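Enquirer: Sharing a structure here in structure tokens format.
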């Protein structure tokens, strides 16, 4: 029977992580469980840096960006000896189960703990929206608003100078954030990992737009696709139009979470406690068609596929 749980945030931070922690803590306390907060993700778990959390520990947290528990990347957690120390720390603290909030790297850590018999629940916290088994991740909608606002501002100056602007958006190897922001921001061209990219084809499309009378354009591109400064230089050379690249960077991860992210995080946090009390471990939480769902975390990582929104891409092309 579960009496005490731990909660940690891991990997890149996302707006709404604090709301998720709050959801976990308050739901657990309501059910009579104790909660230990673990600082700095798996690193803090390995180093045994924890704190007991009560209702007041998470007061005034629902609207705050970032994560008050801190986060860190800790690739050393792949080492079974490191994980053995982490498990020993959990047992020493009397922790019976763990809630992990983060992206796919965080899920891998939870998967490894699950494989050696420690109950874990994963909550999808990442702006990339690249987690399998869920329509949306905690932080995605806040980041989307941040990116669209940046695109709106870039359009103002691009229009003034009749310039081509390239905006690089986070997402790692998933184009969801780029695609949604590009549609909402009215971008003329979209470059995402799921669709084959050729810079000569992009230039041809830009030239076609210029021939139709377009005075400026915005190209939205997912990070890691190419060097955007080099791409800007190439476009300017081929089109004769001034072209500048803007890398939005970590500003996309910050800021107060929008209402949907707060609600999603709160619901998922409370749902994680429901699952643990029902005897579920080794699960990851998602939302599909606005209904909370849970999947086997090992199956989700190893077997599930995340479909690309090809219909969104087709829509975007019609709006160029």
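Note that Cβ sites are derived from N, Cα and C of the backbone, with glycine treated the same way.
Residues or ranges marked as ATP binding site by Swiss-Prot on the basis of sequence analysis: 12, 73, 74, 103, 104, 105, 106. Annotation comment: Swiss-Prot describes 22-26, 55-60, 155, 186-188, 212, 214-216 as ADP binding site, evidence class sequence analysis. The annotation Mg(2+) binding site is assigned in Swiss-Prot to 104 on the grounds of sequence analysis. Positions annotated as substrate binding site by Swiss-Prot: 126, 127, 128, 163, 170, 171, 172, 223, 244, 250, 251, 252, 253. Marked as active site, proton acceptor by Swiss-Prot on the basis of sequence analysis: 128.
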Enquirer: Have a look at the binding-site residues 22, 73, 74, 216 and say which one has the shortest Cα distance to residue 172 (substrate binding site).
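Expert: Result for residue 172 (substrate binding site): the nearest of the binding-site residues is 73.
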Enquirer: Specify the nearest of the binding-site residues 22, 212, 244, 253 to residue 105 (ATP binding site), where nearness means the distance between Cα atoms.
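Expert: Nearest by Cα distance to residue 105 (ATP binding site): 253.
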Enquirer: For residue 22 (ADP binding site), what is the secondary structure state per DSSP, taken as helix, strand or coil?
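Expert: Looking at the DSSP assignment, residue 22 (ADP binding site) belongs to a helix.
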Enquirer: Fill in the CA-CA distance, residue 56 (ADP binding site) to residue 104 (ATP binding site), as an integer in Å.
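Expert: Each residue's Cα considered, residue 56 (ADP binding site) and residue 104 (ATP binding site) end up 30 Å apart.
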Enquirer: Across all chains shown, how many C-beta atoms besides its own are within 10 angstroms of the C-beta of residue 56 (ADP binding site)?
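Expert: Residue 56 (ADP binding site) is surrounded by 7 other Cβ atoms within 10 Å.
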Enquirer: Given residue 25 (ADP binding site) and residue 104 (ATP binding site), what distance in Å do their CA atoms have, once rounded to a whole number?
Expert: 23
Enquirer: Can you tell which of 59, 106, 126 has the least company, meaning the fewest other C-beta atoms within 10 angstroms of its C-beta, among these binding-site residues?
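Expert: Candidates: the binding-site residues 59, 106, 126. Fewest Cβ atoms within 10 Å: 59.
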Enquirer: Looking only at 126, 127, 128, 163, 170, 171, 172, 223, 244, 250, 251, 252, 253, the residues listed as binding substrate, what is the longest Cα to Cα distance in Å?
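Expert: Across 126, 127, 128, 163, 170, 171, 172, 223, 244, 250, 251, 252, 253, the two farthest Cα atoms sit 32 Å apart.
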Enquirer: Find the shortest Cα-Cα separation between residue 244 (substrate binding site) and the binding-site residues 59, 212, 216, and name the residue that gives it.
Expert: 216
Enquirer: Around the ATP site (12, 73, 74, 103, 104, 105, 106), what further same-chain residues have their C-beta within 8 angstroms of the site's C-beta centre?
Expert: 10, 11, 41, 102, 108, 109, 126
